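Lifted from TrEMBL, the feature list:
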| type | residues | note |
| --- | --- | --- |
| COMPBIAS | 1-15 | compositional bias 'Low complexity' |
| REGION | 1-45 | region 'Disordered' |
| COMPBIAS | 21-30 | compositional bias 'Polar residues' |
| COMPBIAS | 31-45 | compositional bias 'Low complexity' |
| TRANSMEM | 135-161 | transmembrane segment |
| TRANSMEM | 167-187 | transmembrane segment |
| TRANSMEM | 199-219 | transmembrane segment |
| TRANSMEM | 239-261 | transmembrane segment |
| TRANSMEM | 300-321 | transmembrane segment |
| TRANSMEM | 327-348 | transmembrane segment |
| TRANSMEM | 355-380 | transmembrane segment |
| TRANSMEM | 424-448 | transmembrane segment |
Amino acid sequence: MAFSSANSSQLNSSLGEKTEGSSGTLDRVSNNNNSNNNINLTTTNNGLRKLQKDVSDDGSGVAAIIANNTDNPVLNAIESPGVERQRLSDAESLASINEAPQVEAQTQAQYPLERIESYESLPKQISPSKAYSPFSFPIIASLIPGSVFGVLLRLGILALMGYDEHSIFPLAWVQATGCLIMGLTLGLKDYISDFYGPLYTAMATGFCGSVTTFSSWQIDVFLSWANSGHAHRDWFRDLIDGLSKTFFTLAISLAATNLGIHLSKQLISFLNLSPTSSATSSTSSSSPKKPIKINFAPPLFRYSFSTLSVLIYAATLPAYFKASPSFRHQATAALLFSFPGTLTRYFLSVKLTPLLKLFPLGTFVANSLGTTLLGIFHVLQRTKTLPSPNACAILQGLIDGYCGCLTTVSTFAVEVSALGTRKAWLYVWISWAASQILLLIVLGTAWWGENINESRMCTYTS
């Protein structure tokens, strides 16, 4: 499978190579940053195609992605153009959605063909001080403000849009908002990371992942099948209601993600941002004005950001105990469990996603686990022996905070968009079916055993 002309010119530009004649012979590759790191590549088009096949055979899927996905805006946003983006044909690499670009990844995007040779001879494109390990303190701390403010935004949207006889169900607004911001953040990933890597994690994983919620979406669909509200309709309308919430949420989320990426491009052009260390010449601004260069955040900002993040979570404790008990089930209890939920999701994503090529295992496990827990908490709020008001508020906090932040639609939508068509549909179907089956086991068992009653609900205040 051969490169397209656009991809060939892109490689020529990023490598600084000289192409001679129609044979496609690559003469000497000149490294502009370090003249001592010149690499000789002499290969014909046939050799280049063989090189693609060899790389594809090791699981990176270079040739297929180059030919089929170079116009995919989500793929373009997840990683900078080059082999680092192209490897996303396998779901094991989608953990990068939650992480800022690392030093080696950005170098690899600049010099894709040298990936086959060696990285030792290549210059680093960003300072090692800009790179953070996935579980470093700045990264973990950055999840806190995103989690807290993400939950607050979600609860605020639900309260605002939950009026009587609404045309669009409230959760649709939640998913659309989170996915729109996720797409915008994803499109600005390189620029945000050039400033401060943990800030990208705070926005994408912390904030957007906490605004959107997969578990609430799934239980909303399940309760539509069951007609828990005892609406005057037959089983066929119950089916239509559940399918409507399924497909509308999926469509709105995917559309909002792509809209966010589109808006990020317009924002880059409007602000005339300078191409980042991992961007190619194709992203260069044509504006006559001098481009704005993104500089690495000063130490004062970095240390202040981490310190403020910890203080924000510490403030959730007095907010719960000192504020009026009437606020506990509405917000303050959810704030307590927001960060633990996001941290669990992040841990599962980093540890499990690289283990499977078929679909992103980390997000799948997080969404399935969170949906199951939400079903259990839903049952506990409606048992024959109702829990105390304080316990009821804690259960609601676990539902809105822990389960809401443990599960996510924003990352799910990006992963679906990035995967190939077959893998994407398989991922959607398995995630949706697994959650519905788990809810059937949890809620169905309680209903059939007559242990709960949907019309009975524990109270939040004594």
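Numbers here mean position along the shown chain, with the first residue as 1.
Each residue, glycine too, has its Cβ placed from N, Cα and C.
Where the annotation comes from TrEMBL, it is an automatic prediction and has not been curated.
Contact between the transmembrane segment (424-448) and the transmembrane segment (199-219) is supported: at least 3 Cβ pairs lie under 8 Å, counting only residues 6 or more apart in sequence. Here the transmembrane segment (135-161) has long-range neighbours at 168, 170-171, 173-174, 177-178, 197-199, 201-203, 205-213, 302, 305-306, 308-310, 312-313, 316, 330-331, 334-335, 338-339, 341-343, 346, 350, 400-401, 404-405, meaning same-chain residues at least 6 beyond its ends whose C-beta is under 8 angstroms from one of its own. For the transmembrane segment (300-321), same-chain residues at least 6 beyond its ends with a Cβ under 8 Å from one of its own Cβ atoms are 137-138, 141-142, 144-145, 148, 196, 198-199, 202, 328, 332-333, 335-336, 338-339.
If you look at the transmembrane segment (355-380) against the transmembrane segment (199-219), you find at least three C-beta pairs under 8 angstroms, all six or more positions apart, and that counts as contact. Across 167-187, 199-219, 239-261, the stretch most heavily in contact with the transmembrane segment (327-348), judged by Cβ pairs under 8 Å, is 199-219. Residues 73-74, 76-77, 169, 171-172, 175-177, 179-187, 212, 217, 220-222, 224-225, 233, 409-410, 412-414, 416-417, 428, 432 of the same chain lie 6+ residues outside the transmembrane segment (239-261) yet bring a C-beta within less than 8 angstroms of a C-beta in it.
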